[in-house]
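Heads up, the thing below is written out as structure tokens.
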Amino acid sequence: MATTIFSRFSIYFCAMLLCQGSMAQLFNPSTNPWHSPRQGSFRECRFDRLQAFEPLRKVRSEAGVTEYFDEKNELFQCTGTFVIRRVIQPQGLLVPRYSNTPGLVYIIQGRGSMGLTFPGCPATYQQQFQQFSSQGQSQSQKFRDEHQKIHQFRQGDVVALPAGVAHWFYNDGDASVVAIYVYDINNSANQLEPRQKEFLLAGNNNRVQQVYGSSIEQHSSQNIFNGFGTELLSEALGINTVAAKRLQSQNDQRGEIVHVKNGLQLLKPTLTQQQEQAQAQYQEVQYSEQQQTSSRWNGLEENFCTIKARVNIENPSRADSYNPRAGRISSVNSQKFPILNLIQMSATRVNLYQNAILSPFWNVNAHSLVYMIQGQSRVQVVSNFGKTVFDGVLRPGQLLIIPQHYAVLKKAEREGCQYIAIKTNANAFVSHLAGKNSVFRALPVDVVANAYRISREQARSIKNNRGEEHGAFTPRFQQQYYPGFSNESESETSE
């Protein structure tokens, strides 16, 4: 008897140690940002010609449309990314599904409710229902619904979708929800082939899809219950065969986004925007304090089941960098948004004012997928050979892939611009070429002077002309004279 108890205790203790170790590894923000768990590309890639992408094909459903970017293009395959844009109409429900790859969603427009179902987590939301007869009289039958947490999303939110975790979205607003989804195919969480696969838990994709500028094709995809035998499925779930066939959605032609006639009846707490912001700040402080004491890790329930799945990146008051004459920059990484340790992705939102310039930079530890939300921006990207691989204007609805280490320079057009950049590292960071904390500011004057064959005065001008500006620059240096430089300065040598 004692031996049996000891054996059980040993097994339980070992399981707890494994859980503690895995949780600490997944959620520990001190993970080396220079290291990435991505598998990398399995092919020789050439990033010598970049292009601005628009959706290539779309699949319509009853209450919305899903638009796919060209996943077969070399740039998507080499960066290991998959991108879709989805529109959900009012009272539209994106049916539950899960994916083999983690992803980030940015809500461009609209608001609604969403759910992530983490395995093993308790149903913390409980709701009582009373059935009524057709005459409105209460019947004796009552039932209770229990489910996991429901999250409210709105414009400007970044939503994390871990691989293998079922999720759903519902539009409870008056306008369509428009969202851009970026999936990381090369993430180590994906042990299947390097392709994005969605496993539908309901509905199907037996819809006609249109390829932009080309033909119309038939697209077919059933939910996972369709592959099980009806008898075996009914026995496993304890239901009759009629109900099992409904789960298989064999004759359901609504697609993956379905219309909810009278709206979803959901139990959800309501918070004002101020309350939500205060709660988010409190959670950040609480999370930061937890990291100071590793012994506070308490396994599955403390982390997965209570972790925040969305954060708003559009709020001006939470900008990381702000220039009142140029614009603002806001970022989310695993330090601010712990679930990104599971996703291994991060995001940066940039709002540039009229003719403002973003300090030239390169992404140190990630690829960057830039989606233009509003306005236009002139963009130039340079390769390791010093050649321009992209020089054009990025317009609303277009996507530009910027490979890791490629230098980039952006300038807003007259109407300004707003864009979201999704990056393939949970703690992505950049190296700026100009302004405060830039490469030039970090170099000694003599190094700059001798490297470019210029005087020390000219080197100091290069280092300091942008003063204390960081990130977004004002356009005030257009057509202006730079101290220490003249038209003949190219022939000058260092002192």
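Yeah, the Cβs are placed from backbone N, Cα and C, and that goes for glycine too.
The signal peptide annotation in Swiss-Prot covers 1-24 and rests on sequence analysis.
The annotation disulfide bond is assigned in Swiss-Prot to Cys45-Cys78 on the grounds of similarity to another entry. Cys45 (disulfide bond) has a Cβ environment of 14 other Cβ atoms inside 10 Å. The DSSP secondary structure for Cys45 (disulfide bond) is coil.
The feature domain 'Cupin type-1 1' is assigned by Swiss-Prot to 50-245, with sequence analysis given as support.
Confidence annotation: the domain 'Cupin type-1 2' (311-460) carries a mean pLDDT of 95 in the model. Summarising the annotation, Swiss-Prot assigns domain 'Cupin type-1 2' to 311-460.
Annotation source Swiss-Prot lists region 'Disordered' at 464-495.
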| task | Across all the protein chains here, work out how many other Cβ atoms are within 10 Å of the Cβ of Cys78 (disulfide bond). | result | 20
| said: Quick check on the domain 'Cupin type-1 2' (311-460): DSSP residue counts for helix, strand, coil, in that order please. | reply: 24 helix, 71 strand, 55 coil
| message | DSSP secondary structure for Cys78 (disulfide bond), reduced to helix/strand/coil, please. | response | helix
